[in-house]
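A.B. asks: Before I ask anything, here is the structure I am working with.
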Amino acid sequence: NMAAPSAPRPPRPRKEPQPLVIPRSAAEEQRLRLERLMRNPEKTVPIPEKLNEWAPRPPPEFVRDVMGSSAGAGSGEFHVYRHLRRREYQRQDFMDAMAEKQRLDEEFQKKLERNKMIAEEQTAKRRRKRQKLKEKKLQAKKNKLEQKKQEKEPGQSQEQDSSEDDDEDSKEEEEKEDNAEEPSFVMGR
């Protein structure tokens, strides 16, 4: 097995040895870690996933060493009992904490729904109010345009019919204007 002569390999770039730096504080340790990460920005950084919450060991399905009722307990049985009791209390505390957490989550969700409903009602109420104002403005605009049309068209025919009606109308309008200028209350009486 004679190997054919291959092309010479290009020389590998040598890494410069990094000086050993012992961090003296937490900030310096963090700085060193960041520098090491930034030396090779293309390298992926492993981000640890969120750890699952701790849960107690479930109770055993089959208990093997059950103490008999005829014999007295030995000196070691107390410790076995103590561990079992501690584990069971821990399991019950965990179940109580989970039930409380679930209750609080449900209350929070109900509160969110209630707030959302209130906000939607307020929005709907304001929307109706805006719509009413919009309709009023449109109606007022239409009325104004109709009045202008009526003033132009029938006004010409009324002038031709009689001028007496105009005199009476102008007198009434003047009286109304005079009344409008009077103050609605008088001080000093």
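Residue positions begin at 1 at the first shown residue.
The backbone N, Cα and C atoms fix where each Cβ goes, glycine too.
According to TrEMBL, the protein carries these features:
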- 1-57: region 'Disordered' (REGION)
- 26-42: compositional bias 'Basic and acidic residues' (COMPBIAS)
- 117-189: region 'Disordered' (REGION)
- 125-142: compositional bias 'Basic residues' (COMPBIAS)
- 143-154: compositional bias 'Basic and acidic residues' (COMPBIAS)
- 161-181: compositional bias 'Acidic residues' (COMPBIAS)
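Provide an account of the burial state, proximal residues and distances for the features listed.
C.D. replies: For the compositional bias 'Basic and acidic residues' (26-42), the list of distant contacts is empty: no same-chain residue at least six beyond its ends comes Cβ to Cβ under 8 Å.
The DSSP breakdown of the compositional bias 'Basic residues' (125-142), given as helix, strand and coil counts, is 18 helix, 0 strand, 0 coil.
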A.B. asks: Work out, from DSSP, the number of helix, strand and coil residues along the compositional bias 'Basic and acidic residues' (26-42).
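C.D. replies: So the counts come to 14 helix, 0 strand, 3 coil.
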